[in-house]
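Per TrEMBL, the features are as follows:
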| type | residues | note |
| --- | --- | --- |
| TRANSMEM | A:27-49 | transmembrane segment |
| TRANSMEM | A:86-107 | transmembrane segment |
| TRANSMEM | A:114-135 | transmembrane segment |
| TRANSMEM | A:141-163 | transmembrane segment |
| TRANSMEM | A:175-197 | transmembrane segment |
| TRANSMEM | A:217-238 | transmembrane segment |
| TRANSMEM | A:267-292 | transmembrane segment |
| TRANSMEM | A:307-326 | transmembrane segment |
| TRANSMEM | A:335-353 | transmembrane segment |
Amino acid sequence: MASLATDAAPGAAAEEGPGVRTVRTGWVAAGLGVALLVALTASVCLGSTQVPLADVWSAVRRGLSGSAPAPGTRDLIVWQLRVPRALLAAVVGAGLGLVGTAVQALVRNPLADPYLLGISSGASLGAVAAIVLGAGAGGLLGLGLSSAAFAGALASFALVWTVARRGGGFSPLRLVLAGVGIGQFLSGFTHYLVLQAGDEQQTHGALFWMMGSLGGAQWSTLALPTAAVLLALAVLVARARALNAMLMGDETAASLGVDVGRLRRELFVVTSLLTGVLVAVSGAIGFVGLMVPHACRMVVGGDHRRLLPVAALFGALLLVVVDVMARTALADQELPVGVVTALIGAPTLLYLLDRRLERT
Amino acid sequence: MRTAIEDLDVALSGRTVVSGVRIMAEEGEIAGLVGPNGSGKSTVLRTVYRHLRPHAGRVLVGGADIRALTAVQSARQVAALPQERGTDFELSVREVVAMGRTPYKRAFAGEDPTDGDAVAAALDQVGMAGAGRRRFSALSGGERQRVLLARALAQDPKVLVLDEPTNHLDVRHQVELLALLRRHRRTTLLAIHDLNAAASVCDRLHVLHGGKVVASGTPREVLTAGLLAEVFGVRAAVVDHPLTGDPLIAFDHRAPVFPVSGR
């Protein structure tokens, strides 16, 4: 029977997918994979200096073989600047797609976003405190910064959680409102810290980074976010069925054998860990976590077994493309990538709000 | 499978809302829980599908205490249709029904033919066989309830727990859903407001009032004018249904309501 089977695994092709869509997840994933490779290549070619495709491949081949790039050549730009930056965009984008998907399931609201829960505001405060008070500009992307951002994310999570749970009850709406309120409070602190910092250079760096930037990409900064994204993907996909059950409500999930309380705690730890690590390397890049799951759901549906891998791939693609736009939009200057995502994302949010209001 | 609730006490935020409740459904029986709002029907059912933990007492399914089982094991015994009514997320009908297979699946496991058969059979039983690809959130209220019932059936449970499944449905969809329950009969605990529907569908009724069971028995034994006055505070005559012979409660909508005892 055609409607029976389909495995979640991306790449598993052919049988008819169960759902309202006609597009098969395997093809979607394959298409996104190819598009991502093309976008990564374009990202390395394009910029203040154009690099021909042939030079890109030869530089990547030499880089992969481990030979040192000759100084003064394009190899240096390609291998030391552009390639790590393109890869960081992909990793951060994938992570934002995953965090957004997880948070939306957690609060059972397709318009939620990690930023709404105040987790990224906490991460930003932790990171900015580390920049302004402690480490100088040189330590901008070190492990210390990640730890500070993670600590900030966890602390804000704990605060939001406590406020939302007061009185014993728990509702997704209460959680989101607590997140917004506490997020604003923490952002106020962050701005205060930045303005207090005397060093203009440092202030400028902190501001740029607060708007969300991939400018600090180096090979050495890639490992931690990559590991965090892969770990989060594995943890979330392992819980995909439980996430599906959560969409129907706590009672339904409990009746399906899901330990709802434990799943919630796990999701909070995973989302704050991933948010902390991502904010530490790229600052607060907004709206990707909102747009990506929404767009993917329209194509492959709401089943997390398919949604999570596709959201990671699409998030990666989106942020690589947005980064190219941020670097090439102005002739003499680079835009923070978060500025571009906000310019695309905010109207998208308004459109989604409008559509939802019409539907209900 | 024979299901018994024994001496159940439940406290919420330190307040006892259910105490000493004994409720029983024999194998294949539909046992109804009736009572005024706030009488504890939903609370009792929530302990059966493990959303709430009893303060004292136990729930036995086939003689085994469900609290001695893991959450997954008990989800293979007991399936529920809580009062939650769905989702804004883009789930298809088939995906919603396939959630019923959750307690049978390991992490990362794909769907196997057993799952596919269970989902197809469940959709067929509720008369939604052709609707698998439709969007759940776009269904009518009656269709949604049938799909959610199919999700519970796909769980292949020994016991079904249904909390007000006909709420907010029009008469036709109420009749349709309850007829489904009778047709695909299995041990069922059913909380229901409509006393006439309860009298027709249930083999046994338990009347809850102020968190206690005040009457148990067949609908004919339980639904008397005296009980309706005492528990529900209404004046009514109990007659025979002209078509089915079931007890039919004719409420007197002109009489003033009586004060009720308890709570």
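Cβ atoms here come from the backbone N, Cα and C positions, even for glycine.
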Name the range, of those listed as A:114-135, A:175-197, A:217-238, A:307-326, that has the largest tally of Cβ pairs under 8 Å with the transmembrane segment (A:335-353).
A:307-326
Apart from its near flanks, which chain residues at least 6 from the ends of the transmembrane segment (A:114-135) lie with a Cβ under 8 angstroms of it?
96, 99-100, 103, 107, 142, 144-145, 148-157, 159-160, 175-176, 178-184, 186-187, 189-190, 193-194, 196-197, 202, 205-206, 209-210, 271-272, 275-276, 278-280, 283-284, 286, 289
Quick test of the contact rule: Cβ under 8 Å, at least six residues beyond the ends. What residues does that give for the transmembrane segment (A:307-326)?
8, 10, 25, 28-29, 32-33, 35-36, 39-40, 42-43, 46, 85-86, 89-98, 100-101, 214, 229, 233, 236-237, 240, 285, 288, 291-293, 295-297, 299-301, 334-337, 339-341, 344
Leading stretch by Cβ pairs under 8 Å, where the reference is the transmembrane segment (A:217-238) and the options are A:27-49, A:175-197, A:267-292:
A:267-292
Please indicate, using numbers and ranges, the residues of the same chain that are 6 or more beyond the transmembrane segment (A:267-292) and have a C-beta under 8 Å from a C-beta there.
88, 92-93, 95-103, 105-106, 111-115, 117, 119-124, 126-127, 141, 145-146, 148-154, 156-157, 161, 208-214, 216-217, 221, 224-225, 228-229, 232, 235-236, 239, 311, 314-315, 318-319, 336-338, 341-342, 344-346, 348-349
Do any residues of this chain, six or more beyond the ends of the transmembrane segment (A:175-197), have a C-beta under 8 angstroms from a C-beta of it, and if so which?
107, 109, 112, 115-122, 124-125, 128-129, 132-133, 152, 156, 159-161, 163-164, 203, 206-207, 210
